[in-house]
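TrEMBL annotations:
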{"type": "DOMAIN", "residues": "26-117", "note": "domain 'RecBCD enzyme subunit RecD N-terminal'"}
{"type": "BINDING", "residues": "GLY182, GLY183, PRO184, GLY185, THR186, GLY187, LYS188, THR189", "note": "ATP binding site"}
{"type": "DOMAIN", "residues": "514-561", "note": "domain 'UvrD-like helicase C-terminal'"}
Amino acid sequence: MTAAVDEFDSTLALAATGRLRDFNDAGVLVAADIHVASRLTAMLGETDESVALACALVVRAVRAGSICLDLAEVRDEVGEDGAALAWPDLDRWLAALAASPLLAPPQPLRLEGNLLYFDRYWREEQQVEQDLRRRAARPAPVIPNEAALSAGLTRLFPDASYDEQRVAAETAVRQWTTVLTGGPGTGKTTTVARLLALLAEQAELAGQRRPWIALTAPTGKAAARLEEAVRYELSERLSTQDAERLGDFHARTLHMLLGRRPDSSTRFRHDRDNRLPHDIVVVDETSMVSLTMMARLLEAVRPGARLILVGDPDQLASIEAGAVLADLVAGLVAGGHGEAAELRTSHRFGSEIGDLALAVREDRRDDVLGLLRDGGERVHFVEDEDPRERLRAVLLPDALAIRTAAEAGDDVRALAALDRHRLLCAHRDGPWGVNHWNRTVERWITEATEDPLWDTWYVGRPVLVTANDYGLGIYNGDVGVTVRRPDGSLRVCIDSARGRLDFAPGRLGNVETLHAMTIHKAQGSQAAEVTVLMPGEESRLLTRELFYTAITRAQDKVRVVGTEESVRLALARRALRATGLRQRLIGVPDQ
Ligand SMILES: Nc1ncnc2c1ncn2[C@@H]1O[C@H](COP(=O)(O)OP(=O)(O)OP(=O)(O)O)[C@@H](O)[C@H]1O
């Protein structure tokens with residue numbers, strides 16, 4: 001007996017036949033993968049089923065954030081779902097592809113070893129590689145006076161606690177492109193601020209003008225944090241002379257720095273023909289930069305400008321395709337194109353969160369569980385079978401504090417209350433998802449206040465902006481609170497990169513309630529306290545990178561709610577993405 005087909009299941013391509021149909025029925029391919037493959041093969045007259053399958057699997061790979069499909073690995077990567085399927089023999093598959101019209105001009109697909117790409121990503125990867133190689137091939141920056149550099153390094157990185165940072169800064173001074181990596185609180189921003197002071201001093205010694213600096217990050221929130229942290233370091237910790245040498249600067253999102261164009265979302269005003277004028281470009285949260293944005297950035301940076309890419313390669317990669325930072329760290333060094341500068345020591349208060357992050361990163365499972373269970377004041381593990389009461393005790397007081405401040409029209413206090421804590425979920429739906437917990441917190445507020453919260457917009461509703469709105473000046477990732485004004489009307493106060501902005505609720509289209517948020521959306525932001533809800537053990541999203549990203553959002557305290565099994569599973573599963581950039585930079589052809 002055959003299983004009944006659900007005609008309304010949007011993942012099923014009912015018109016598909018043969019192998020594509022089998023892969024669709026097994027849940028490996030969805031309808032969209034098959035539609036793209038069917039159209040491309042039909043347009044170019046390709047009749048070989050294995051080529052259509054490869055094409056559909058490339059769409060699937062890109063959907064999951066990969067740049068390309070690794071034909072040799074895909075069967076293992078699909079795992080159990082594909083165990084009973086008829087996979088093509090690798091050599092025959094490669095031969096069929098090599099002979100396919102899809103790989104003849106205009107070449108919608110490109111084959112590189114075992115890696116199959118859509119043309120666009122192949123070009124972008126090639127461009128990133130070539131631009132990086134070109135930058136590495138330039139003569140190293142001239143150091144006007146070695147003794148002065150040494151004195152500057154000692155002055156700005158004075159004692160043993162700065163040893164790692166001093167080495168990183170010296171590495172950066174001597175090359176055009178630097179990748180500065182480190183986990184939470186390892187002093188990346190401190191190093192950047194002091195490195196900028198050092199570079200400004202070097203420019204002065206060489207009789208050059210004050211360097212023109214661009215500070216940027218993929219999100220408005222991350223850009224604002226970078227600017228604030230660099231400003232703090234310069235004004236509170238460094239000399240007036242250092243601060244004056246640097247002059248004024250503002251951080252902007254990468255999109256804003258490159259200059260948006262009304263006619264394109266992937267092309268910018270600054271490109272190879274109209275380079276950025278800056279002498280130093282610092283990019284924070286580089287793990288969130290997609291391959292496409294890295295390609296656009298590299299073509300826009302002047303060859304003689306320094307590029308400093310800062311980030312944590314162990315975090316989740318960009319939402320869009322690519323794993324650029326991790327590829328750069330592995331590829332640049334192994335390919336001999338420059339040194340990565342790695343910071344390992346956490347400097348933030350008690351280092352429990354840093355220790356936990358390091359144990360997660362290094363997959364030391366027993367240590368991770370030990371730290372979760374005996375992590376002291378800053379790390380908590382909630383293993384209750386039903387954690388609702390414990391969560392209520394944490395979440396409701398915060399929600400009520402936001403509401404009280406919002407009722408009083410005090411947006412500053414409401415936003416401060418909102419920033420105190422974040423509840424992070426892996427999923428949007430399901431019992432451990434954002435939607436469920438947003439509703440749960442709203443129900444608790446109703447029970448506590450007897451306000452039924454009928455309307456979408458209520459006093460104290462915290463919101464997350466989910467798309468850039470250049471007209472309003474608010475960006476994906478900005479957060480806000482709905483407050484009552486003295487005339488009784490509701491306004492939404494948003495903490496944006498341009499300061500606090502205030503809108504009538506009706507003007508905001510792309511926002512969602514923020515009693516809980518997904519870990520993916522929390523990338524690039526931090527809160528004093530973070531509670532992480534581990535998803536059920538069957539969740540495919542549960543990976544080491546997801547868990548690491550979640551716990552490293554916490555500045556003071558992290559609470560993990562889940563089971564030992566869910567933690568062990570998270571550590572065991574990797575969110576790996578297929579890309580060819582690492583191998584290209586190393587220069588070893590794929591096997
Ligand atoms: N060498 C040092 N000695 C003592 N404290 C330091 C040192 N370097 C940085 N710090 C302090 O440690 C804290 C974290 O530093 P910083 O913000 O530079 O780290 P980060 O790696 O940028 O952190 P994030 O996780 O936010 O990206 C700051 O309070 C900073 O002042």
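Using N, Cα and C of the backbone, Cβ positions are placed for all residues, glycine too.
Summarised by DSSP class, the composition of the domain 'RecBCD enzyme subunit RecD N-terminal' (26-117) is 50 helix, 10 strand, 32 coil. Each of the binding-site residues GLY182, GLY187 was ranked by the number of other C-beta atoms within 10 Å, and first place falls to GLY182. Summed and averaged per residue, pLDDT over the domain 'RecBCD enzyme subunit RecD N-terminal' (26-117) gives 93. For THR186 (ATP binding site), the same-chain residues that are 6 or more apart in sequence and have a Cβ closer than 8 Å to its Cβ are GLU164, LEU343, ARG344, THR345, SER346, HIS347, GLY354. Look at the binding-site residues GLY183, GLY185 and count other Cβ atoms within 10 Å of each Cβ; GLY185 has the fewest. Summarised by DSSP class, the composition of the domain 'UvrD-like helicase C-terminal' (514-561) is 12 helix, 17 strand, 19 coil. Only GLY182, GLY185, LYS188, of the binding-site residues GLY182, GLY183, GLY185, LYS188, place a Cβ under 6 Å from an atom of ligand 1. Those same-chain residues not listed among GLY182, GLY183, PRO184, GLY185, THR186, GLY187, LYS188, THR189 yet with C-beta within 8 angstroms of the centroid of the ATP site C-beta atoms are ASP312, LEU343, SER346, HIS347, ARG348. Other C-beta atoms found within 10 angstroms of the C-beta of LYS188 (ATP binding site) number 24, with every protein chain shown included. Long-range Cβ contacts of THR189 (ATP binding site) within its own chain (separation 6+, distance under 8 Å): LEU226, ALA229, VAL230, GLU233, ASP284, VAL310. Long-range neighbours of PRO184 (ATP binding site) (same chain, six or more residues apart, CB within less than 8 Å of its CB): ASP312, SER346, ARG348, ILE353, GLY354, ALA357, THR552.
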